[in-house]
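Undergrad: Handing you a structure now.
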Amino acid sequence: MFGKKFFRDFKFFTLLFVVFVGSSTMLLDLYTKYLCGALVEDIVEIEVLPFLNLVDVRNTGMSFGLLKGFQFSNVFFICLNVPLVVFILLFSCCKCGVSLEGFALGLVLGGALGNVVDRVAFGAVRDFIDLHVLGWHWPAFNLADVAIFLGVMCLLYRAWKNEQNAD
């Protein structure tokens, strides 16, 4: 993996772009978690719109509360995210440019790091966005979750477009 081809194809500016998007996403995520934690500190929830509340939920599991009761969930998720971060950085340096893929990888990177910082600092991920529309009520989530979702959707879209162009 780290032969001559890797170093020849290494794209330094792509790495800077992905790290910039990832760092910005992580900092924005942590800042919004801090702000919402301060706003909702002693209140159960704040209604922002008829379908949107701010809440203060500590999630020890993963999305939708999966693995919530798992005793070693924080260690598991932190160990899962470290290789993910390394893979994203290496992949972005070799396989994509300053493009939609680089932006998407930066979103996933920033979201993953934002949630890892929460797990290390608080033992759980702080979720604060509470959506309920037309009888559907989503589990609480945060900006990092949104960034990861949007990043994955962009990557899937790009893969679909590449497949369409190949035909």
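The backbone N, Cα and C atoms fix where each Cβ goes, glycine too.
Because TrEMBL annotations are produced automatically, they should be read as predictions rather than curated entries.
According to TrEMBL, the record shows the following:
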ACT_SITE  Asp127  active site
ACT_SITE  Asp145  active site
TRANSMEM  12-31  transmembrane segment
TRANSMEM  72-91  transmembrane segment
TRANSMEM  98-116  transmembrane segment
TRANSMEM  136-157  transmembrane segment
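Would you situate these features in the structure and describe their surroundings?
TA: Around Asp127 (active site), the same-chain residues six or more apart in sequence whose CB sits under 8 Å from its CB are Val55, Val57, Arg58, Asn59, Pro139, Ala140, Phe141, Asn142, Asp145, listed in sequence order.
The secondary structure of Asp145 (active site), as reduced to three states from DSSP, is helical. Taking the Cβ of Asp145 (active site) as centre and 10 Å as the limit, one finds 21 other Cβ atoms among all the protein chains shown.
Sequence-distant contacts of the transmembrane segment (72-91) (same chain, at least 6 residues past either end, Cβ-Cβ under 8 Å): 1, 15, 18-19, 22, 60-62, 105, 108-109, 112-113, 115-116, 119-120, 123-124.
Here the transmembrane segment (98-116) has long-range neighbours at 13-14, 17-26, 28-30, 33, 77-78, 81, 84-85, 88-89, 91-92, 125, 142-148, 150-152, 154-155, 157-158, meaning same-chain residues at least 6 beyond its ends whose C-beta is under 8 angstroms from one of its own.
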